[in-house]
Amino acid sequence: MQDLSENRVLIYIFGASGDLAHRKLYPALFNLYRKGYIKDHFTVIGTARREWTNEYYRNNVLKSLEELPGSFNQKFSFIQHFHYQSHDVTDSKHYDTLRELGESLDRVYETQGNRIFYMAMAPEFFSTIAEHIKSQNLLSDTGYNRIIIEKPFGRDYETAKALNDSISKAFDEKQIYRIDHYLGKEMVLGLLPIRFSNPMFEQVWNRKFIDNIQITLFEALGVEDRAEYYDHTGALRDMVQNHIIQILALLTLDKPEKLTAEALRAQKEKLYEALRIYPIKEVAKKFVRGQYGSSDIPEHEPAYRSETKVDPNSKMETFVAGEINIDNDQWRGVPIYIRTGKRMPEKQTRVDIVFKASDQIFDKPADKTIITIDIEPTEGISLLINGKKIGLTTDPVGYQLSYHHSAEQLAEVLDAYERLILDVIKGEATNFSHWHELEATWHFIDVIREYWDNNAPTDFPNYKSGTNGPEAADQLLKQSGRSWVYNPEPRTKR
Ligand SMILES: NC(=O)c1ccc[n+]([C@@H]2O[C@H](COP(=O)([O-])OP(=O)(O)OC[C@H]3O[C@@H](n4cnc5c(N)ncnc54)[C@H](OP(=O)(O)O)[C@@H]3O)[C@@H](O)[C@H]2O)c1
């Protein structure tokens, strides 16, 4: 008997020969297959301009699975679901071939007309692909049609709106899945349960008790082979507009009535309305930018401006730190410090919630209570609380309580891309960004960008590879008597 509960889908991947498809999408699809979420009734049509045969394409997919568990037979059966069609996305006629291939594979794999269109290409092509999908009738009448859009969604509000308007001609908002893979990470998904299923946290998660919040996304790597993209984008657009603001929203939004996509989005939108957009003259006080120079061993870690394909006079930032304020009753007066950069001492994504000090009654001042949520590479939570120092004293001393998922546990769960692709197959939109969220976040970012673009940095490069960024990022907190909780030692070797 046919298993009707099985996920049936035909996925068109535009950009099938690209880096994202190879490094993320094929491994994610294979893991979904290996774990039984997709079985016999899924198929992929990969497209790009180069003239590959099905066999060449399948071998390419197979190569991307080399490091993954699973037998050769299983991998071999998986790649039989993949089909390649050479296609130039700017050529209307090619879409007819794609449609015909889709219709025939729909019959073979009995996908019931369910279609996902994955935009794994440079963003300048998204509009033309979406428009052709509609004009050349690639949309199915019998199943669902969903489009997955990779970041960056625009360069600013104007370009994001133009992109959204053109995609909206072919897909309605409910069919558009704007992917931010941070929203698929285990501990990012864990923020709401931590906040809303612990009464002891719920009661104190506000300006009365919290002194400041710190969000850090550090990368140890430099720009690597993404220079062409990065040198036109920078850290503010690449990391702050999406990942950091999404994490900030999950940390500060009001409790939704239910955990549905609509209820969560409504709370996020309310939160974004309260994000303080700085007047342009405030930007320099609230935001710091940086660009990495070489390390002490320049041949190992060249300066950003010496990287291949980077403009030798580039003014693009590879580091951002800033203070964000939320003007509502819950958060007024609580600074949210954010920080992200390339060539930091180590890869680390974490959140530190720093509580206000209690009234002082001991001879020795107590430490501040801090909740730390580790998002990657380790995943868990720790709590720094005060207890009594052991021995003949009443002095307070910090106790560290912590829980982290084990490597064995994590090996069993879906990673971010796997989870998010499965969400799209199921039509679950909770962990994707709605257009209204993007509108609000671009308005916030555009002011900072405008100030920076009109006031070129004079001190770049202003931090050494392997350090915590420019001194000004520490000053941002020092001016109000605060400091970064997470302060790793500079890296001395790669
Ligand atoms: N790579 C990552 O880790 C990463 C992470 C997050 C987001 N993203 C986003 O994902 C998207 C893809 O990135 P990527 O790194 O995979 O880019 P990429 O390696 O440059 O791949 C681009 C793909 O587009 C195809 N292509 C280019 N022009 C075409 C045309 N006119 N018609 C048909 N196909 C064409 C290329 O194949 P042919 O040359 O054969 O045509 C290739 O398959 C981008 O939006 C990027 O910002 C990437």
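Each Cβ is built from the backbone N, Cα and C atoms, and glycine gets one as well.
Residues annotated as active site, proton acceptor in TrEMBL: His243. Positions annotated as NADP(+) binding site by TrEMBL: Arg49, Asp88, Val89, Lys151. Look at TrEMBL and you will find His181, Lys185, Glu219, Asp238, Lys342, Lys347 tagged as substrate binding site. Positions annotated as domain 'Glucose-6-phosphate dehydrogenase NAD-binding' by TrEMBL: 13-188. If you look up TrEMBL, you'll see 193-484 marked as domain 'Glucose-6-phosphate dehydrogenase C-terminal'.
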| field | Distance-selected binding-site residues near ligand 1 (C-beta under 6 Å), from Val89, Lys151, Lys185 | value | Val89, Lys151
| request: Taking Cα atoms as reference points, rank the recorded positions Arg49, Val89, Lys151, His243 by distance from Lys185 (substrate binding site) and give the first. | output: His243
| request: Whole-number Å only: compute the distance from the Cα of His181 (substrate binding site) to the Cα of Lys151 (NADP(+) binding site). | output: 9
| message | Roughly how many Å lie between the Cα atoms of Lys342 (substrate binding site) and Asp88 (NADP(+) binding site), rounded to a whole value? | response | 34
| remark: For substrate, with binding residues His181, Lys185, Glu219, Asp238, Lys342, Lys347 per the record, max Cα distance (Å, no decimals) returned as 20
| said: Around Asp238 (substrate binding site), which of the listed binding-site residues (Arg49, Asp88, Val89, Lys151) come within 10 Å, judging by Cα atoms? | reply: Lys151
| field | Shortest C-alpha distance to Glu219 (substrate binding site) - which of the recorded positions Arg49, Asp88, Val89, Lys151, His243 | value | His243
| What same-chain residues, at least 6 away in sequence, bring their CB to under 8 Å of the CB of Lys151 (NADP(+) binding site)? | Arg178, Ile179, Asp180, Asn242
| Arithmetic mean of per-residue pLDDT over the domain 'Glucose-6-phosphate dehydrogenase NAD-binding' (13-188) | 96
| said: On a simple 10 Å Cβ count over all chains shown, which one of the binding-site residues Asp88, Glu219 is most densely packed? | reply: Glu219
